[in-house]
């Protein structure tokens, strides 16, 4: 086990990731497993660096002075040998010493000028940090915002080493016969300024979320209990909070046939996922620089599912079977998600270090089991997390809503569904179709890029989404509500406003992430960051920091309003969603502050409201 070289609290020189420049940093901690130092820059940014990318201040200065003094000594010895081979030259006297001294100073001056030129070229052509960030670390004022996206394209295309070599050859301050000396200086400069990017290796998770080990342990039991409580409440004639439902017999909660239907549904969606239709795209770079490939065919899976449901209806298969055994389907989904979570954790124990999730590598069994230990578990090319994120639960949500609509018509002897049920089905169908149509956008979300695949996402995707998000439709079957057309029109308008904010904000963000140099986005202004990315300060993202969350909450309210105001139960979704998005916003805030440092603080000053304008 190699011993650490730098102590906590020590001020050293750390190389900025992906660049050739060193900055003064302070060591905050050391990971004995990954052998990485966590250092803090002056602007508050914290990064993990290898020991080879950190140098002590004294050593750094010593080597730099040595490079400027060693070269003249070698040149002096070279001149001495030349004089010994030329007998016609005068002896070393006072005039020769003065001339030699001037030559020595000129050579030293040229060496310094050439090294300065090399450093200037490095600043101009290095991808990171950008010009603005270099000024910031040197204490100079930084420009407020930019709307010129060409600089981002330039950073991605330039080859720093080739440019340095070309410029040094074109503007060299030395003669050609001094090339050997120039190469010595250049190689000496590269000794302490390597251009190889840092390979990020996930470190142990130090900041535990969701209440840590105790909180995650309780959530493993609290989440299923909440689902079962809500479903039992909806079955009651009086679903008020004070009217606690009677507990059913345990044997009535399990049905082997229901579990078989659930498995059939899950594997049918897996078959649709494996079909060679739809384009293949790359996700964001992983910690080792590799990009995973994803097949975008969720919308095709939805069309095939709709065709299969149509065939079942044509064959007069009773879909209200879902309503009659709704609790049993929820128990089957919960049992399957638990078994899947156990499998995911066991296989993650053999996963390489770089494939572990940044937020689920704490070393505590319960916490890692809940949040997910492995970031992208795959069986061959089958990505388990990506598949569960949109397919079985999200498409299943629409199928459950349709089953509730048919059950309402059968139970209440209706020739057409109620207006309330039509609104709920239509609003939520639009939301699901939008998510599947814009499937590629999910690759940049926190669920894919940061969170591992464990009990939290497995239970959320397979149980919480289909059985809690369909709560309004399930409620309306047993508690019909009659609304007028003007009220329906007002609720529809509210949903349209929320959807417009949600979709336009997400499209703006995704288009900017995919291609910041797109001429269509030339009117957008952004704050540059040390990572090379920009923080939008115009459009919806200049209005609040999370406009997509605002649109989501408005739509959630519109989905609950058709259920009337007799009980608070159908409004559980909007209350839960506000809590969820506020908590997620806090996670985003913490993550972005660590990632972007001072740039994020300036963005928060520019956009003070988080989700609700003038409120929060």
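Just so it is clear, glycine is given a Cβ too, placed from its N, Cα and C backbone atoms.
Between the listed ranges 176-195, 276-295, 296-315, TrEMBL ties the annotation transmembrane segment to 296-315. Among the residue ranges 252-275, 348-371, 372-395, the one that TrEMBL annotates as transmembrane segment is 252-275. Here the transmembrane segment (214-232) touches the transmembrane segment (457-477). Their Cβ atoms form 3 or more pairs under 8 Å, with each pair 6 or more residues apart. With a threshold of 8 Å between CB atoms, the same-chain residues lying at least 6 positions outside the transmembrane segment (252-275) that come near it are 295, 297, 300-301, 304-305, 308, 325, 327-329, 331-333, 335-336, 382, 387, 391-392, 395-396, 462. Counting Cβ pairs under 8 Å to the transmembrane segment (327-346), the stretch among 296-315, 457-477, 523-544, 564-583 with the most such contacts is 457-477. For the domain 'Tudor' (4-62), residue counts in helix, strand and coil come to 9 helix, 27 strand, 23 coil, using DSSP.
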